[in-house]
Amino acid sequence: MTGGLEGYDEVAEANAQKSILDIHWSRICARLKAEVGEVEYNTWLRQMGVGPVEEDEITLYLPTRFLRDWVRGQYGDRLGALWHAEIPAIRRVELQVARGPSSSAEGEAATAESHPAAPVAAPVVEAAVVEEPRTAEVRSDLAAPLDPRFTFETFVVGKPNEFAYACARRVAERPSSPGFNPLFLYGGVGLGKTHLMHAIGSELVREGRVSVAYMSAEKFMYRFIAAIRSQSTMEFKEQLRSVDVLMIDDLQFLIGKDNTQEEFFHTFNALVDAGRQIVVSADKSPSDLSGLEDRLRTRLGCGMVADIHATTFELRISILEAKATASGVDVPAKVLEFLAHKITSNVRELEGALNRLIAHANLFGRPVTLEATQDVLHDILKANNRRVTIEEIQRKVAEHWNIRLTDMSSARRSTVVARPRQVAMYLSKQLTSRSLPEIGRKFGNRDHTTVIYAVRRVMELMEQDPAFAEDVELLRRMLES
Ligand SMILES: Nc1ncnc2c1ncn2[C@@H]1O[C@H](COP(=O)(O)OP(=O)(O)OP(=O)(O)O)[C@@H](O)[C@H]1O
């Protein structure tokens, strides 16, 4: 044995220090998540890792320069304050680019729901790392980064999406061509709209041609409101109007948000008039987005409108094959067929199921069999068998408490309607595989945090009030049967 006990002590001490830091770090992560919300946390902060402490400074790692700069700008001070509160000797936080020696405190424990489409081994986000910011860039100052997993190469093309794919390719090759501006992509949840938008952005950035800004409509609204609050709307407008390609995802979020719609309308006009490209996605076609202003709907429909249809069995098989191959895990054809038969709702769920199987196989080193699949995916398969819809839940709950169905999405807040609405949100979370934002959308475009609150509130009330708990249980049984 060389090195003797001296070496051992150093290693032991380093390990002890690391595990203490990890405890502090997991507390800080929990705080941050509560403060910024799960979506924001997963987008920006989850990949952070903890490095060493030297004197009064702790180093944190982020996988790309882009993420590092963003986190530094948006959360640098807050991270400093949180570390100082945990360990008073720490007065400064240094953010560096690297895979940290310890990954995020939550590591692999992040749930499938919080990150539904996360692959087993998420690659490092590199799309936004560009050396010549004025000629080709993702506008990190106002937009979200592009997910490097969402490229044209990883998008599996089949009958339901071939038109949308071809249009997206065309826009990536020749942005702002007549007839393709704006490009409006629409289709049901989890069918690949976001994937195609990111693919367009990544392709343009890779080609080194233009500056690209991608953001959800929700983010657009928050940025706009923040600009109003900080009296910097001019700056916000100028930033937006300086990009070559603006992509706004899930535009249906702007329904009922008149001021933000107005702002978007002006931005839209300014960009298109200046020969810049707009790409928009929504869950419905422009003509069916009835809550949007007419003039905006008309302009949205002026370029190319492409829909993505529900998947076919053939497309589901092709997607599963591609993803299984990429994972390197051998998944038998009969398992892929079984999944493609059973999980028909959307690609996100299909992918989530496959990822879970693959993670299981990797963790336990066991082959993927049909029996193991049924076991590991028990809950997903059950949810898909049952097929209770949010609409059914809303109807049953409204009938039960004798309120109008429209109150499920109305803004009324009196307990008489708010409580049944919360129960319906709770049951939607329990009985369907819909994500929190999707549930929120079905309840009058409410935010996912409202759904989280409703679920918690109903659970609390069920504990406190047995009669209420019985009501909820009864509803659940009726819906399940
Ligand atoms: N044709 C496809 N090939 C490969 N992966 C796909 C395809 N379609 C969807 N996916 C994957 O399914 C997941 C969900 O897709 P995406 O987020 O693009 O859906 P969406 O239509 O934007 O949904 P939402 O309406 O919820 O915003 C992503 O991980 C995406 O990569």
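From the backbone N, Cα and C atoms, a Cβ is placed for every residue, glycine too.
As recorded in TrEMBL:
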REGION    1-112  region 'Domain I, interacts with DnaA modulators'
REGION    145-361  region 'Domain III, AAA+ region'
DOMAIN    179-382  domain 'AAA+ ATPase'
BINDING   Gly190, Gly192, Lys193, Thr194  ATP binding site
REGION    362-481  region 'Domain IV, binds dsDNA'
DOMAIN    389-458  domain 'Chromosomal replication initiator DnaA C-terminal'
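Around Gly190 (ATP binding site), the same-chain residues six or more apart in sequence whose CB sits under 8 Å from its CB are Ser345, Asn346, Val347, Arg348, Glu349, listed in sequence order. In the three-state DSSP reading, Gly192 (ATP binding site) counts as coil. DSSP assignment over the region 'Domain IV, binds dsDNA' (362-481) gives 91 helix, 0 strand, 29 coil.
When averaged over the domain 'AAA+ ATPase' (179-382), pLDDT in the model lands at 91. Lys193 (ATP binding site) is surrounded by 26 other CB atoms, counting those within 10 A of its CB over all protein chains shown. Taking the mean position of the Cβ atoms of Gly190, Gly192, Lys193, Thr194 as the ATP site, the remaining same-chain residues with a Cβ inside 8 Å of that point are Gly187, Val189, Leu191, His195, Leu196, Ser281, Ile308, Val347, Arg348. Counted within 10 Å of its Cβ, the other Cβ atoms near Gly192 (ATP binding site) come to 27, all protein chains included.
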